[in-house]
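Here is the structure we will look at, set down as structure tokens.
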Amino acid sequence: MVRNSRLDICSIVNAKSGICDQDCKFCAQSSLYNTGVKRYPLLDEESILEKAKEAEKMGAVRFGIVTSGKRPTRDELLKIASIIEFLKVTTSLRICASLGTLEKDELSYLKDHGLDRYHHNLETSPGFFQNICTTHTFYDRVKTVENAKSIGLEVCSGGIFGVGESFEDRLELARILKDLEVDSVPINFLIPIKGTPFENFPELDVVERIKTIAAFRIVLGENVTIKIAAGREKLGDFQALAFFAGANGMIVGGYLTVKGRSYDDDRKLVEGLKELMGW
């Protein structure tokens, strides 16, 4: 449990869906797998604003623009920068982006247009990474995190668990994230998606999920936000335990291709947590 903390709530928009040539084996958006996911190009600013306003109503303080693919085109980057600028004057949200591998000048350009935080998961340990993706490397991801940190952006970077990794892989990832001095760590648990190579993977049980959250809190210390994200719904009635184990943030409103909990369910959870935890 993290004392004297604040519940960090964020929401995301799937701003560009599918059309990805990478082979991340857990992901519905890879064009290499037949998952039936919707495919569409970058949304316009009004569509993204609509999602941002929904996030505000749900109590989110951060809003992330997420696009599929290894990296955006130059035209997409320019449009996203304009959208970020638009959101900064039309909402009270802090704006995050998850656009894949970017260079320092590209990240600086987004920061100049109002970007507060960059999200780029490392996913798992360097030794296990090739088991979940072969079209880019673990160190490609590390470089992007380092690029974002070096130009003064906040960084959100975490992993996905239940993909066949060992507990030591999880601990190694936590130690690397600590060394990188990231600001926020999302904890995602595999949701097996039909059509992906991991569609038949067994899901982690509640105890294993709680142990993972607790281990990350022990390694990361108290100054880093730990957010429960994809798969948190599978904790069911034990979801509050995640916060006693060390989480102090969560994603609301659903994920990229998977629905999350209902607004009413999350509202009740947040109200209860604030009372229990003193947030």
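Even glycines carry a Cβ here, placed using N, Cα and C.
Residues or ranges marked as [4Fe-4S] cluster binding site in Swiss-Prot (evidence: sequence analysis): C20, C24, C27. Residues or ranges marked as [2Fe-2S] cluster binding site in Swiss-Prot: C96, C156, K227. Look at Swiss-Prot and you will find 2-232 tagged as domain 'Radical SAM core', backed by sequence analysis.
Around the Cβ of K227 ([2Fe-2S] cluster binding site), the number of neighbouring Cβ atoms within 10 Å comes to 23.
For the recorded [4Fe-4S] cluster site, residues C20, C24, C27 set the reference point as the centre of their Cβ atoms, and the other residues of that chain within 8 Å of it by Cβ are Q22, D23, F26, A28, Q29, S30, S68, C133. Here the C-alpha separation of C27 ([4Fe-4S] cluster binding site) and K227 ([2Fe-2S] cluster binding site) works out to 20 Å.
Within 10 Å of the C-beta of C96 ([2Fe-2S] cluster binding site) we count 24 further C-beta atoms, all protein chains included. For the [2Fe-2S] cluster site, the Cβ centre of C96, C156, K227 serves as reference, and the other residues of the chain with Cβ at most 8 Å from it are C10, R62, G64, R117, H119, S184, P186, T225, G249, I251. Cα of C24 ([4Fe-4S] cluster binding site) to Cα of K227 ([2Fe-2S] cluster binding site): a distance of 22 Å. Annotation for C20 ([4Fe-4S] cluster binding site): spatial neighbours C27, Q29, S30, S31, S68, G69, K70, criterion Cβ-Cβ under 8 Å with sequence separation of six or more. Considering only the binding-site residues C27, C156, the Cβ with the fewest other Cβ atoms within 10 Å is that of C27.
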